[in-house]
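Okay, structure first, notes after.
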Amino acid sequence: MTATLERRESASLWGRFCDWVTSTENRLYIGWFGVLMIPTLLTATSVFIIAFIAAPPVDIDGIREPVSGSLLYGNNIISGAIIPTSAAIGLHFYPIWEAASVDEWLYNGGPYELIVLHFLLGVACYMGREWELSFRLGMRPWIAVAYSAPVAAATAVFLIYPIGQGSFSDGMPLGISGTFNFMIVFQAEHNILMHPFHMLGVAGVFGGSLFSAMHGSLVTSSLIRETTENESANAGYKFGQEEETYNIVAAHGYFGRLIFQYASFNNSRSLHFFLAAWPVIGIWFTALGISTMAFNLNGFNFNQSVVDSQGRVINTWADIINRANLGMEVMHERNAHNFPLDLASVEAPSVNG
């Protein structure tokens, strides 16, 4: 026994570091994924805050027309953003040392690439850390699987879409108005609202919100009261208690009578799997949709209008969408293009008579 203790005490500094990193007794679990996650997320967060406050305007379109995004250059919380890296840089890796000066790096939107690449690495490591902690505690791995949905969505808009379009300047700006601008331009160029994978994502997000509200309200309404009427029902719960805290039979009976019997789960495990799977699968599909539209496999288009026997156009909702898309397309990057791509791709009429 004494020999064992002596060996433990003489363990190397590296061994003690490994034990500390992988210990589940720490207040916050670090883990090997955390060793990479902590510096990358700290870097992304620090640069984001500094750039959001003080970054100079960025030549996003590569046409020597810088766009301001920071608070000190005239923006507020709503209009401010980290402007994406310039189209002049394209998909090139653009760290600070690749620029002739820090001023040039800022002018070409270097902070955007720095933030996005560190952020994506950081959230991927956060997902790995979730799996790692689950593994150490003997839990099942589905927490990390669920988190893969928002990781996939972030990767789609910040990395896959710029790769497909050929430039980080097409990535989503890091700000409120910038996000909306990205959505509007995406609709104009890819007709995302008519893409079935986006529709599945909408069903996932809105359906998940509905199911979450239904589940929470049902459980809260069917608590087993352990207190008097003069006390909060919450006071009757003890953390770690063996007894059920709510009556699933009562909740099942209520919901089964509200709609019909088979609309209500009578198995708690099936119910919670459904609550997790519905929004996760929906967001997976949306990320997949963004990733395919990145390479211009777009949503349904109805460019051929419905016509009557005389050749007259019968206007439909599709015609209104097409007109709206063209309007949005001509408004964005208005100094970089003379015509939207849809109009410019049509063969020019003959001028020789």
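Every residue, even glycine, has its Cβ placed from backbone N, Cα and C.
Within its own chain, His118 (chlorophyll a ChlzD1 binding site) has Thr40, Leu41, Thr43, Ala44, Val47 as residues 6 or more apart in sequence whose C-beta sits under 8 angstroms from its own. The chlorophyll a ChlzD1 binding site feature in Swiss-Prot is assigned to His118.
According to Swiss-Prot, the feature pheophytin a binding site maps to Tyr126, an assignment based on sequence analysis. Sequence-distant neighbours of Tyr126 (pheophytin a binding site) (same chain, six or more apart, CB under 8 Å from its CB) are Phe33, Met37, Leu41, Tyr147, listed in sequence order.
As annotated by Swiss-Prot, [CaMn4O5] cluster binding site applies to Asp170, Glu189, His332, Glu333, Asp342, Ala344. In sequence order, Asp61 make up the list of same-chain residues 6 or more apart from Glu333 ([CaMn4O5] cluster binding site) whose Cβ falls under 8 Å from its Cβ.
Over all protein chains present, the Cβ of His198 (chlorophyll a PD1 binding site) has 22 other Cβ atoms lying within 10 Å. Taken from Swiss-Prot, the feature chlorophyll a PD1 binding site applies to His198, supported by sequence analysis.
According to Swiss-Prot, the feature quinone binding site maps to His215, Ser264, Phe265, an assignment based on sequence analysis. Residues near Phe265 (quinone binding site) in space but far in sequence (CB under 8 A, at least 6 apart, same chain), listed by position: His252, Leu271, Phe274.
What Swiss-Prot lists as Fe cation binding site is His215, His272. In this view, His215 (quinone binding site) is surrounded by 17 other Cβ atoms within 10 Å of its Cβ, with every protein chain counted.
The annotation N-acetylthreonine is assigned in Swiss-Prot to Thr2 on the grounds of sequence analysis.
Annotation comment: Swiss-Prot describes Thr2 as phosphothreonine.
Taken residue by residue with DSSP, Tyr161 (site 'Tyrosine radical intermediate') is part of a helix. The site 'Tyrosine radical intermediate' feature in Swiss-Prot is assigned to Tyr161; the stated evidence is sequence analysis.
Positions annotated as site 'Stabilizes free radical intermediate' by Swiss-Prot: His190. Long-range C-beta contacts of His190 (site 'Stabilizes free radical intermediate'), restricted to its own chain and to partners at least six residues apart, with a cutoff below 8 Å, comprise Met293, Asn296, Asn298, Gly299.
Counting only same-chain residues 6+ beyond the ends of the transmembrane segment (29-46), those with a CB under 8 A from a CB of the stretch are 20-23, 114-116, 118-119, 121-123, 125-126, 128-129, 131-133, 136. The transmembrane segment annotation in Swiss-Prot covers 29-46 (among others).
The transmembrane segment annotation in Swiss-Prot covers 118-133 (among others). Within its own chain, the transmembrane segment (118-133) has Cβ neighbours under 8 Å at 24, 29, 31-34, 36-37, 40-41, 43-44, 47, 139, 141, 143-144, 147-148, 150-151, 154-155, 158-159, counting only residues six or more beyond its boundaries.
Counting residues 6+ beyond its ends, the transmembrane segment (142-156) has Cβ neighbours under 8 Å at 119-120, 123-124, 126-128, 130-131, 134, 276, 279-281, 283-284, 286-288, 290-291, 294 in the same chain. The transmembrane segment annotation in Swiss-Prot covers 142-156 (among others) and is backed by sequence analysis.
Beyond the ends of the transmembrane segment (197-218), by six or more residues, the same chain brings 251, 254-255, 271, 274-275, 278-283, 285-286, 288-289, 292, 299 to within a C-beta distance below 8 angstroms of the stretch. Residues annotated as transmembrane segment in Swiss-Prot, with sequence analysis given as evidence: 197-218 (among others).
Taking Cβ pairs closer than 8 Å, the transmembrane segment (274-288) reaches residues 142, 145-146, 148-150, 152-153, 155-156, 197-198, 200-205, 207-208, 211-212, 215, 265 in its own chain, all 6 or more past its ends. Annotation comment: Swiss-Prot describes 274-288 (among others) as transmembrane segment, evidence class sequence analysis.
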Where Glu333 ([CaMn4O5] cluster binding site) sits in the secondary structure, as DSSP reduces it to three classes: coil
When distances run from the Cα of His198 (chlorophyll a PD1 binding site) to each of the binding-site residues Asp170, His215, Ser264, His272, His332, the nearest one: Asp170
Cβ atoms near His332 ([CaMn4O5] cluster binding site) (within 10 Å, other residues, all chains): 16
Closest of Tyr161, His215, Ser264, His272 to His332 ([CaMn4O5] cluster binding site), Cα positions, recorded positions only: Tyr161
Winner by Cβ contact number (other Cβ atoms within 10 Å) across the binding-site residues Asp170, Glu189: Asp170
Nearest-integer angstrom distance between the alpha carbons (Cα) of His215 (quinone binding site) and Asp170 ([CaMn4O5] cluster binding site): 39
Environment of His215, Ser264, Phe265, the listed quinone site - residues of the same chain whose CB lies within 8 A of the CB centroid: Met214, Leu218, Ala251, His252, Phe255, Leu271
